[in-house]
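> Just lifted these from TrEMBL, have a look:
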TRANSMEM  7-26  transmembrane segment
TRANSMEM  38-57  transmembrane segment
TRANSMEM  113-134  transmembrane segment
TRANSMEM  154-177  transmembrane segment
TRANSMEM  183-206  transmembrane segment
TRANSMEM  298-319  transmembrane segment
TRANSMEM  339-359  transmembrane segment
TRANSMEM  380-400  transmembrane segment
TRANSMEM  420-451  transmembrane segment
TRANSMEM  463-483  transmembrane segment
TRANSMEM  503-526  transmembrane segment
Amino acid sequence: MAAMETLSFASNAVSLFTYFHGYMNFSLTKSATALTNYMGTAFVLSLLAGFISDTYLSRFKTCVVFGCLQVMGYALLAVQAHLKQLRPLPCKDAASSKMNQCQSATSSQEAMLFVSLYLVALGSGGIRAALPALGADQFDESDPEEAKSLSSYFNWYTFFINIGAILGVTFIVWINTTQGWDWAFGVCSIAIAIALLFLSMGGSVYRNNVPKGSPLTRILQVLVAATRNRNLPLPNKAEELHEVHDKEAEKNEILERTDQFRFLDHAAIVRRSEDTTLSTSCVSWKMCTVTQVEETKIIVRMLPIILSTVFMNTCMAQLQTFSIQQSTTTNRKIGNFEMPASSIPVIPMLFMFILIPLYDQIFVPLARKFTGIPTGITQLQRVGVGLILSAISMAVSGIIEKHRKTAAIKHDMVDSPGPLPMSVFWIGIQYAIFGVADIFTLVGLLDFFYAESSSGMKSLGTAIWWCSFAFGYYNSTVTVNVANKVSGGWLASNNLNRDKLEYFYWLLAGLSILNFGAYLLCASWFKHKKVRVKQVDSGHTDYVEERTVK
């Protein structure tokens, strides 16, 4: 399911700009804005989907419902691309004698395009929020052997995402280039439909989560109750705070109290005027359980981690924009075959395709022998390694850009549109380093957010991880504009050979190092959740184990 969804999404991420500009007759600016808005919205909508999954639907049902929306969206896009009356005459196809017929898309044509496109974005957001958590739910975190398999699952989940992306930027891009956009959108719709079929075949054997109500409501109740009880003294013993210990609690885990954000502990103060025998949490806006308070603390503690990793996605955005533009100036021929510029991102994907199995099968077992940690290294250590590699990638990008410009000057091709006598695989070096960074940081974050989220907000935790991509894309726009303005025009020209792109890359490298320093502070400050696992035996619940997730 992950591979098929990514196949569709990745292919459109690298080629929709061409569709907007060349087939819907959007201007360059409007095409770029439409694409970035679509990409950002697709990631942000995962928050909505995560909320729905944790509150109303199981993760399996969320995948099915939102997958159907995605199938519908791609099908509508295919219909519009196929029927000429539903889109304008592409300017590139208009004969010189009929250029007056080359008009912008009508409001109804644009409406159909954006309705279809955002159905895809909504469906993609739902699958991205629920699918990783659905797979991870099949492992028991309290079992040491299954805990090892859980970490391995996230590696292989990313591996299949990578396979889908490789097929998307090669096979699907080839289809829309040679067979037409209607065929490309149609194949995407069929791919998601087939994935839904296979996912549904296992529906009867999955471990399915039971929605525990709105996590946002539980968080708001803690904030309100803590404010109301702010003048009440905190008890000396944590056991005196309100918690539910009977079987009616319908909870899979009890969270132990932590010392951070003590103000929020006021929400769990037992009020004499309240009925403390209630067996479900979140029933009052005046008194909450310790577990509910800790859920709120988890979200607060996650925010600095996610914010300190957003900048890596800002760097990633440059590889999808400026680096692709760099590749158009190089020699992309491999024998008699010329690699399309939009397929250049396949280079880091191929590195990840090779390195993820090596990481999972060789590095993790070897590191486990030295550290004793089931995952080889902790999730936060893994993220930190990736952040360092992303800074190195930006520094190397600047060096390679300097080399590319030197080649342009040497061969007197500064203003020449022709390809430089320089292989595109020079650009592939920066992609390769960033691909390794992805293996560490992105997979580490996915594992981290699932592990640290409470059982009632696993999908929401996964959605927060996806939102870091959206924030990275949005921050990229701000960073480019500010850097260009403050520098006096590093990127002001439409000619890369005359721009100062290498300075911009080195700026990103420096900012990445500062960002890594901020991340180290956030990671050292972070406190992992403490879980008391329940064991049900002979109709009653015993608290037999306390474990700290790391």
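Even glycines carry a Cβ here, placed using N, Cα and C.
What you see is a predicted model, and the numbers here were worked out from it, not measured in a lab.
Describe the structural context of these features.
Here the transmembrane segment (38-57) has Cβ contacts under 8 Å with residues 9, 13, 16, 65-66, 117-118, 120-122, 124-130, 133, 209, 211-216, 456-464, 466-467, 469-470, 473-474 of the same chain, all six or more residues outside its ends.
Here the transmembrane segment (113-134) has Cβ contacts under 8 Å with residues 1-2, 5, 8-9, 12, 24, 38, 41-50, 52-53, 59-60, 62-63, 65-74, 76-77, 80, 87, 105, 154, 157, 192, 206, 209, 446, 450, 458-463, 466 of the same chain, all six or more residues outside its ends.
Sequence-remote contacts of a segment are chain residues at least 6 beyond its ends whose Cβ falls under 8 Å from one of its Cβ atoms, and for the transmembrane segment (154-177) they are 2-11, 14-15, 19, 132, 135-136, 183-184, 187-188, 340, 342-343, 345-346, 349-350, 352-353, 356-357, 359-360, 364, 439, 442-443, 446-447, 450.
Sequence-remote contacts of a segment are chain residues at least 6 beyond its ends whose Cβ falls under 8 Å from one of its Cβ atoms, and for the transmembrane segment (183-206) they are 1, 3-5, 7-8, 11-12, 60, 63-64, 67-68, 70-71, 74-75, 77-78, 81, 123, 134, 137-138, 172, 175-176.
Tertiary proximity for the transmembrane segment (298-319) is limited to same-chain residues at least six positions away from its ends with a CB under 8 Å from its CB atoms, namely 219, 260-261, 345, 348, 380, 383, 386-387, 390, 393-394, 397, 430-431, 434, 437-438, 441, 445, 448-449, 452-454, 457, 461, 464-465, 467-469, 471-473, 475-476, 479, 505, 508, 511-512, 515, 518-519, 522-523, 525-527, 529.
Residues of the same chain lying 6 or more positions beyond the ends of the transmembrane segment (339-359) and with a Cβ under 8 Å from any Cβ of it are 14-15, 18, 155-156, 158-159, 162-163, 165-166, 169-170, 173, 177, 319-320, 323-324, 327-328, 332-333, 424-425, 427-428, 431-432, 434-436, 438-439, 443.
Cβ atoms under 8 Å from those of the transmembrane segment (420-451) belong to residues 132-133, 136, 141, 150-151, 154-155, 157-158, 302, 305-306, 309, 312, 315-316, 319, 323, 326-327, 329-332, 339, 344-345, 347-349, 351-352, 355-356, 359, 375, 379-380, 382-383, 385-387, 389-390, 392-394, 396-397, 400, 403-404, 407-408, 411, 413, 458, 461-462, 464-465, 468, 549 of the same chain, restricted to positions at least 6 beyond its ends.
Residues 36, 39-41, 43-44, 46-47, 49-51, 125, 128-129, 302, 306-307, 309-314, 316-318, 321, 445-446, 449, 490-491, 504, 507-508 of the same chain lie 6+ residues outside the transmembrane segment (463-483) yet bring a C-beta within less than 8 angstroms of a C-beta in it.
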> Checking distant contacts: for the transmembrane segment (380-400), what same-chain residues at least six beyond its ends satisfy Cβ-Cβ under 8 A?
305, 309, 312, 315-316, 318, 323, 426-427, 429-430, 433-434, 436-445, 447-448, 501-506, 508-509, 512-513, 515-516, 519-520, 523, 526
> Which residues, given as numbers and ranges, are at least 6 beyond the ends of the transmembrane segment (503-526) yet have a Cβ under 8 Å from it?
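Distant contacts of the transmembrane segment (503-526): 301, 304-305, 307-309, 311-312, 314-315, 318, 322, 380, 383-384, 387-388, 390-392, 394-395, 397-398, 401, 479-480, 483, 487, 490-491.
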